[in-house]
Amino acid sequence: MGVRHPPCSHRLLAVCALVSLATAALLGHILLHDFLLVPRELSGSSPVLEETHPAHQQGASRPGPRDAQAHPGRPRAVPTQCDVPPNSRFDCAPDKAITQEQCEARGCCYIPAKQGLQGAQMGQPWCFFPPSYPSYKLENLSSSEMGYTATLTRTTPTFFPKDILTLRLDVMMETENRLHFTIKDPANRRYEVPLETPHVHSRAPSPLYSVEFSEEPFGVIVRRQLDGRVLLNTTVAPLFFADQFLQLSTSLPSQYITGLAEHLSPLMLSTSWTRITLWNRDLAPTPGANLYGSHPFYLALEDGGSAHGVFLLNSNAMDVVLQPSPALSWRSTGGILDVYIFLGPEPKSVVQQYLDVVGYPFMPPYWGLGFHLCRWGYSSTAITRQVVENMTRAHFPLDVQWNDLDYMDSRRDFTFNKDGFRDFPAMVQELHQGGRRYMMIVDPAISSSGPAGSYRPYDEGLRRGVFITNETGQPLIGKVWPGSTAFPDFTNPTALAWWEDMVAEFHDQVPFDGMWIDMNEPSNFIRGSEDGCPNNELENPPYVPGVVGGTLQAATICASSHQFLSTHYNLHNLYGLTEAIASHRALVKARGTRPFVISRSTFAGHGRYAGHWTGDVWSSWEQLASSVPEILQFNLLGVPLVGADVCGFLGNTSEELCVRWTQLGAFYPFMRNHNSLLSLPQEPYSFSEPAQQAMRKALTLRYALLPHLYTLFHQAHVAGETVARPLFLEFPKDSSTWTVDHQLLWGEALLITPVLQAGKAEVTGYFPLGTWYDLQTVPVEALGSLPPPPAAPREPAIHSEGQWVTLPAPLDTINVHLRAGYIIPLQGPGLTTTESRQQPMALAVALTKGGEARGELFWDDGESLEVLERGAYTQVIFLARNNTIVNELVRVTSEGAGLQLQKVTVLGVATAPQQVLSNGVPVSNFTYSPDTKVLDICVSLLMGEQFLVSWC
């Protein structure tokens with residue numbers, strides 16, 4: 001095959017011509033090098049849905065040769081072309097099982113596999129492409145303002161209908177670390193994901209990558225400039241671009257790949273013939289199944305610890321196939337190929353570069369980081385009030401009380417029943433008076449079965465034309481909790497205004513604080529609609545990904561139903577995201593404060609508007625353990641506000657399981673205990689006193705750490721950082737961290753090692769190079785209103801060379817370690833964040849061997865909008881060096897200026913100090929333990945004023 005380097009700029013055309021002639025004489029094809037250096041001009045943008053006009057629909061008829069169904073002249077593969085290593089074989093029968101004769105009629109090779117890989121989901125293909133299989137040819141490659149353009153032509157049709165034989169390639173060198181290319185039909189506008197991405201006006205002058213093109217068969221090769229490593233090579237298999245089947249394959253530089261959520265799987269995906277299906281579905285987390293969200297982004301680790309990422313901006317139903325060579329194939333059922341490559345080179349940078357495209361996470365209100373409690377079955381305000389009272393009596397923190405469907409009248413949105421919930425508004429007001437917040441479930445499906453004039457949300461929605469329609473132009477009617485239902489089209493601007501009105505009107509009755517949006521894949525209890533679905537190409541595409549149920553209509557609405565921007569075939573995976581955007585905006589309008597939305601269904605960019613909970617998990621040890629990689633995965637995808645239902649949702653928990661889940665859940669960024677209708681009670685107060693004490697201890701620790709957690713969310717919001725993160729993100733050069741997914745970090749500083757198995761009193765975790773201090777030697781409980789747990793002997797520090805360590809983990813303990821070199825702020829825990837925010841604060845200072853450490857505190861009123869734009873916040877940097885701790889005041893306002901610092905705990909003080917000074921004044925109230933090397937200093941300082949604490 002011929003490989004082309006990008007062409008020259010016009011300024012150097014003459015030089016290039018000489019080079020070209022000489023090279024052509026030797027090689028028979030042209031090699032051109034690009035020397036274009038143009039200053040980069042970027043205009044920032046917010047990744048929000050555009051209001052665009054409908055595009056060409058997949059499945060529509062096309063005139064001319066693209067409709068060709070016969071494939072005359074397709075060459076048969078000869079035996080020598082079929083000598084392809086088994087792990088490098090790309091499937092020539094992705095659509096169905098075929099015979100040898102049918103395979104060879106496609107021009108492909110047929111060799112039955114001797115034995116599949118153990119544990120493989122699919123197995124190697126028997127029918128596979130030979131290297132000579134016809135693909136597209138690159139023509140008219142030229143330089144552009146942003147990079148390169150070219151035409152791609154195919155002369156031989158594929159075995160899928162409606163091949164698009166002429167394509168346009170646009171390569172955009174957007175930034176030094178981001179390459180973007182699209183492949184689309186130049187003659188007909190096709191559906192593109194309506195997610196606004198950054199607008200760039202000129203190519204990057206000094207990219208970290210180089211781009212090469214294979215002429216025939218066409219392919220793109222992307223290398224890392226530093227070492228020449230190939231990050232993307234699409235020449236490994238032929239390109240397909242038919243109306244309803246697009247396939248792009250690439251080699252991978254290693255088998256260590258993560259992303260492509262949402263699935264129940266380890267953090268690192270298996271490359272042993274694994275198929276990952278992206279088509280959002282209401283299904284309790286099950287291995288190998290398509291679940292609630294679709295995120296077509298992966299991060300790949302490379303030898304030495306570098307990393308890169310690839311994002312296919314495509315929302316159609318798709319499969320992603322991983323194979324052992326290693327390689328990956330994208331198989332989409334529509335749209336265009338819109339590909340971003342992020343160069344990193346650090347894994348952390350890859351995540352930030354991805355979020356530069358899809359959007360940084362929203363900043364949650366402070367109360368949203370407290371403990372949330374819910375269950376399906378709180379069937380009255382009396383029962384709900386009793387739950388809150390029981391939590392208070394048992395001295396458990398509780399910030400947000402929730403209700404499931406029970407509050408509704410006939411399970412209809414924006415209503416409450418006048419039996420058990422007749423005093424619903426008063427109950428919510430009482431929660432507010434106690435410093436708590438309230439949330440309830442809101443499903444997207446709107447009841448359509450009542451008589452006209454009986455249910456305003458449907459009547460008004462029908463009048464405004466906000467619902468998804470069927471082929472007759474009438475609202476598509478499915479079945480969900482209230483019975484017959486219509487589905488709002490959140491891509492319709494009219495529907496956004498209608499949703500805002502419905503939210504505001506209900507908020508006028510019941511002053512709720514946040515929205516729990518469920519069933520928004522969208523879920524449907526029947527297949528398609530009450531009238532079925534049409535028999536057309538959108539309902540029966542030539543390629544159906546590996547969806548549970550076997551059809552695109554399974555557990556959802558008809559793919560051919562109509563929305564404002566396009567068909568549901570194209571927009572299905574965006575339904576949860578568009579509802580999250582609508583709910584985010586509606587809460588801002590109704591409440592005038594920071595919105596808090598938790599959604600089940602997600603797509604790329606979701607974290608900018610809402611959080612996520614991982615759905616209907618079972619109360620099992622297996623799903624407890626699986627929650628860790630799930631939480632880590634969503635943080636890598638820019639959705640840091642994520643958690644699983646503590647103690648599990650389906651089935652009955654056990655006391656031990658619920659204790660261990662509460663301990664882990666205390667370190668979910670979003671913590672909610674939620675339970676199913678028929679399951680045994682699992683509120684913390686439902687268990688024995690020893691179990692309650694263990695849970696109380698975990699919740700106490702979470703509340704003490706909330707200032708640090710809030711600061712991490714601020715860093716995520718402004719800089720694209722993760723909150724909970726896998727070890728490899730901080731220690732990428734240590735390959736032992738790459739597969740660790742039963743531990744997690746909070747930011748850079750805290751390492752959490754939970755117990756995830758039954759009957760265990762110890763746990764083994766990996767500790768990267770450095771010193772790790774046991775955080776539970778820091779006694780902060782005395783600062784707040786919660787009783788301190790009983791003291792237990794602890795190993796004060798682990799000095800690791802990068803090793804596995806076995807730790808004691810009795811039932812009342814979760815191991816949390818503070819990394820040397822970091823300072824974290826803590827606060828006295830209360831029963832609510834309203835209470836805890838009034839408590840004095842402490843600093844935990846973890847010194848390196850050189851005696852240094854650094855930390856940060858971000859503080860505002862916890863719920864106002866635009867605090868950064870208005871400067872209504874306090875930000876403080878803490879530094880330790882030479883036996884001295886100081887604070888640097890980045891910004892101080894009334895919010896945070898009066899925060900009291902009452903204690904400084906210094907970990908790793910080698911020798912007993914003779915004197916401690918606070919702002920130059922001797923401190924008499926300090927203690928030092930020669931066994932633990934911990935120095936405790938009682939002070940009386942203000943965070944918002946400069947201070948200096950020293951010892952000698």
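Glycine is treated like the rest: Cβ placed from N, Cα and C.
Here is what Swiss-Prot records for this protein:
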REGION    47-82  region 'Disordered'
DISULFID  CYS82-CYS109  disulfide bond
DISULFID  CYS92-CYS108  disulfide bond
DISULFID  CYS103-CYS127  disulfide bond
CARBOHYD  ASN140  N-linked glycosylation site
CARBOHYD  ASN233  N-linked glycosylation site
CARBOHYD  ASN390  N-linked glycosylation site
CARBOHYD  ASN470  N-linked glycosylation site
ACT_SITE  GLU521  active site
DISULFID  CYS533-CYS558  disulfide bond
DISULFID  CYS647-CYS658  disulfide bond
CARBOHYD  ASN652  N-linked glycosylation site
CARBOHYD  ASN882  N-linked glycosylation site
CARBOHYD  ASN925  N-linked glycosylation site
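Remark: ASN882 (N-linked glycosylation site) has GLY851 as non-local neighbours, by Cβ distance under 8 Å and separation of at least 6 in sequence. Classification of CYS82 (disulfide bond) by DSSP places it within a helix. For the glycosylation sites ASN140, ASN233, ASN470, ASN652, ASN925, counting C-beta atoms within 10 A of each C-beta gives the highest total at ASN470. According to its DSSP assignment, CYS103 (disulfide bond) is helical. CYS109 (disulfide bond) has CYS533 as its nearest neighbour among the recorded positions ASN390, CYS533, CYS658, ASN925, going by CA to CA distance. By neighbour count, meaning other C-beta atoms within 10 Å, the densest spot among the disulfide-bonded residues CYS127, CYS533, CYS558, CYS647 is CYS647. Considering only the recorded positions CYS108, CYS558, ASN925, the residue whose Cα is spatially closest to the Cα of GLU521 (active site) is CYS558. For ASN925 (N-linked glycosylation site), the spatially nearest entry among the recorded positions CYS103, ASN233, ASN470, CYS533 is ASN233, judged by CA separation. The disulfide-bonded residues listed here are CYS82, CYS92, CYS103; among them, CYS92 has the most other Cβ atoms within 10 Å of its own Cβ.
Listed in sequence order, the disulfide-bonded residues from CYS92, CYS533, CYS647 having a Cα within 10 Å of the Cα of CYS103 (disulfide bond) are CYS92. Distances between the Cα of CYS127 (disulfide bond) and those of the recorded positions CYS82, ASN140, CYS533, CYS558 are shortest for CYS82.
Here the CA atom of CYS108 (disulfide bond) lies 40 Å from the CA atom of ASN470 (N-linked glycosylation site).
When Cβ neighbours within 10 Å are tallied across all protein chains shown, the highest count among the recorded positions CYS109, ASN390 belongs to CYS109. The secondary structure of CYS558 (disulfide bond), as reduced to three states from DSSP, is coil rather than helix or strand.
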